[in-house]
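Residues or ranges marked as domain 'SAM-dependent MTase RsmB/NOP-type' by TrEMBL: 143-445. TrEMBL lists D270, D298, D317 with the feature S-adenosyl-L-methionine binding site. Sequence annotations record features per position, and here TrEMBL assigns active site, nucleophile to C368.
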Amino acid sequence: MANSQFNVHVKVFEQDVEQFFGSMYHEEDDEYISKLTSAMTHSPNWSTLRVTPKSQDQEMCMEDARDELQSLINDDAHQVIIHPHIPDCLCIQVTGPHKVSLLSNFVVVGKQCGEAVLRGSHVFAPGVIGTSNNIRLNEQVSIMANIDGKMPKGTKVTSEQMLTGHVHVGNGKLLMSREEILQKDSKGVAIQITQPIFNTCSFHSFCDSKHFHFFPQNLPSMLVSHLLDPQYSDKILDMCASPGGKSSHIAALMMRQPRVGQKGQVIACDRSANKVKKLKELMEKLDLSGWVDCMVSDGTKPHQSLARQSFDRVLCDAPCSGLGQRPSLGHTEYNMQKLEQTAHYQRKILKKSVEMVKNNGVLVFSTCTISPLENEENVLWLLKEFNGNGTSLVQLDDIKMPWAHKNEYWCGGLKKLIRDERLMRFDPVVNKESIGFFAARFIVKHFNK
Ligand SMILES: C[S@@+](CC[C@H](N)C(=O)[O-])C[C@H]1O[C@@H](n2cnc3c(N)ncnc32)[C@H](O)[C@@H]1O
């Protein structure tokens, strides 16, 4: 049963951030902010997986991929659909919010764990903070997410404590005793979700059928690699590549392009050595090591082995505030000052990204946030910084963007850009199918003097 009462009373954004968004998004809809905060606590209504044939020589037949995924899921309630516009995307509908009854016994989890449950995960032992008294193995319990983060681990919790500061995120079956769950270094699934608020098939890592890899990836992230439009012989730089979703997608697209010229290459960089190690492991698992080279490189000062103006295409999928991620139980770690700092940091990486692109090459910039400081404002900054008066000119590419924002929530100079439909902006209020996201594609020219 759908629960129209799923109005989670959490503060989604800090007050100054909410005020700022309010000042940016107001013209046609003065209820926009309340719609936005409600949308942020809800799940997108599709789960999406990217499909890649396991062998380079195998044809990409989406009907076969859909059938193989459907049999892998083995559940008629979750129908797999081929996305009507994205050639390598399969979708599974998310239903909800469902009405789930509050039970007398419960387990309290941290905010992040609660968000993971809303996104389809079971509860893993490290995410548990406390429990009600006398919970028993195999019984049904309610899962309550602690929002303020103030409850100490190991608390025996009373129902009165649940009246404020907690959100009911689903019910499940207890698979471990209280002692097992709360002991140090406890691992594994502690509660198996049986009654989710949002119901979907959840995939936490990629899975395989006989002929296909299925890689869980959100819909706009998939579009980014299509926007980059990699060709078979391209040399491509991914400035911020971990955990590797887009690098692996770019390589998968490249290898299926007409084989003109020499085989190309993706250089997948990240600042963190540990993340680069995991990136390499992922590329090996996906049989992409022959296409993707992974290296430690800080985007604010790229590694000296990476020659300037040598890449056909550069992706700057910048570290961001993540304010588009949903369902969310609050993005309150970001105030305006932090948003400004994040946008500033992105500019440093963007500037270096421009330097790495060949003359007449392509740059794609993307974030998973809805903060205009990091998105539209950074686009305006980039166009001004490289306006051709110096040694480089950066221009928005003259293509119509899929999913460009058609509604004019934006004011001032930004509105013109939106009208031009040259920015891809997923808005959680408008785009029910996805998280909040942003991307833009540029052509870079250099005048070497
Ligand atoms: C949005 S994530 C990238 C997601 C990735 N493109 C994908 O599709 O899987 C941003 C990444 O940037 C990395 N990062 C942060 N600062 C960086 C820097 N100065 N240079 C390179 N990478 C950086 C972080 O480690 C993080 O993994």
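A Cβ is built for glycine as well, from the same backbone N, Cα and C atoms used for every other residue.
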Taking only C-alpha atoms and a 10 A limit, tell me which of D270, D298, D317 are near the residue listed as 'active site, nucleophile'. These are the binding-site residues.
D317
Residues with Cβ closer than 8 Å to the Cβ of D317 (S-adenosyl-L-methionine binding site), same chain and 6+ apart in sequence?
V224, D238, M239, C240, A241, K246, S366, T367
Stretch-averaged pLDDT - the domain 'SAM-dependent MTase RsmB/NOP-type' (143-445):
92
In which DSSP state, out of helix, strand and coil, do we find D317 (S-adenosyl-L-methionine binding site)?
strand
Neighbour count check, CB within 10 A, over binding-site residues D270, D298; minimum at D298
Compare all C-alpha positions of D270, D298, D317, the record's S-adenosyl-L-methionine binders, and send over the largest distance in angstrom.
13
Can you name every residue in this chain, apart from D270, D298, D317, with its Cβ inside 8 Å of the center of the Cβ atoms of the recorded S-adenosyl-L-methionine site?
D238, M239, C240, A241, S242, C269, R271, S297, G299, P319, I349
Check D270 (S-adenosyl-L-methionine binding site) against DSSP and tell me helix, strand or coil, would you?
strand
